[in-house]
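Taken from TrEMBL as is:
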type	residues	note
DOMAIN	113-328	domain 'Adrift-type SAM-dependent 2'-O-MTase'
BINDING	152, 171, 241	S-adenosyl-L-methionine binding site
ACT_SITE	281	active site, proton acceptor
């Protein structure tokens, strides 16, 4: 067993405080380029003892008082933000961020593909550290896997680096992330940008469940297996840039992110070949979980460093752990079985390592590292708070000059160079053209942190409903002026592209928790309303149907409780009706939900056999789609394929998720199709929310009156 450390654990004697020797309380623009901390140097072991699988997860989670003091100190500074409006604060910190001119300069000078903050952060990392091992240069082949990668900027940044510095290198990549096209994933966990993903979908792995959930051990192992098979078991770099939304609990960011970081790390240890490298995003270094994770990494890699890119805002806790020289599976395999057994969202209450097993030398470095980055963060927050309250001319001029100097220095410092368009993975023009697919709404939260907390913890249902009603009523009208229907004509003949449906199988969705076919802010409102509404709203306001139309009413299917079953029954109903239609007939579909890739694909499929479609402006909660002039029977063969696919999917844990590639639905079908679908959903959900809220408020009033009447009767 390792020598027992002399750090206090609750009642142990405290030790002296460490300060980084370079720390002087000031930070010139040059210091921003060198914000890194060498935790473990190559060829030097901090622990020096081979880990014993039998000693893992034996003790309850522990806490070290000195690290707790650092956490409290940081949270005290962060609490100054509690009463500041979040949108105004973000706007101000963008202005004071010393890296705020870098993107503009890179766009003009370098003009890269998919330029984002993440692109720049990875450009800094890969330019600072030797992430491509020597063995890859010798063989001329380099493979990487990118976990929690959406929207994909680490990949485009790595491609830019390789093409601009090592053009001879044959590079292959795979990526994984929560699947933005799987409607069972939670809205607040997804990245709302798939411009790059939709064009590179063959390189993305979502696992057997199709969810992309890396925190489910079976799905993680299937992601690992698929990546290894695709890259011939020769993966030399893994990145993990995952995060979670901590706006509602910023004081416990490190705890809230711990399970994801653990799962990403275990996945990386499965993926990497000996000598490979790992880049992991972390935040603070105060908690038992993070300290244990770093201890594990120090045992698995030759060198471990912490690095904060200049493009990572100084006021946040984000930092990247650079792990170089993987010792290999032969060293770590004895541990992996135990590590996998404590895998998932609800991580064990036990600590990965006993506190007594962590050497004093290790904890010394951990404390120095935690304090070093914390002081940088506190300094930036305090400056931003001061300037938020009083932004004097001197401070503005100082920031402006610093930003300009940083932007000028950035490109030569990191040796960034242009690459031609044909060396890009997708291309700037195509990505720009794809932006229409991202119906990005407003920020999910508005107001100050204290105001948001007060609203979230309000138990008054009437007050919450009226608050939501106000928000729904303020949604702008997006329907085309004086038009009852949005028309769309399918100009892409699916049969010229493929003869078979691209059926994908995954975990049944059950309930819709997100959709790629509606604005994010509207969906969030819709889910908030559904959580509060208890009354069942019956739609008796059906649209008048033309007597010559063939009507397929799908509104009785369980769209709200079992989307998978509703979709299956809808296909059977539509197939049955279509088979009886003659040329020139019109099909009127009532009650089809257009929030899933399955149902939108179904509309796209049906459009192959009709002259055009009308999306009728919603005036009630029932959807109405009219398909005019049946012209050919090609969709019958498609529907037959789909019906057979549904019947063959007998495993209750699997279901047909989609059959038309998402790229067709979002991009190749043209702007008009996606516009029609997303506009239709936006307006339909708005109508549904208004009806639900008003019905619920009326029911509450009725119940209140009945309760009052009953009390009076008892009194009399």
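Glycine too: its Cβ is placed from the backbone N, Cα and C atoms.
TrEMBL annotations: computationally assigned, not manually curated.
Per the record's binding annotation for S-adenosyl-L-methionine, residues 152, 171, 241 show a top Cα-Cα distance of 20 Å. Residues near residue 281 (active site, proton acceptor) in space but far in sequence (CB under 8 A, at least 6 apart, same chain), listed by position: 240, 241, 242, 243, 261, 318, 319, 320, 321.
Each of the binding-site residues 152, 171, 241 was scored by the number of other CB atoms within 10 Å of its CB, and the largest score is that of 152. Along the domain 'Adrift-type SAM-dependent 2'-O-MTase' (113-328), the predicted structure has mean pLDDT 95.
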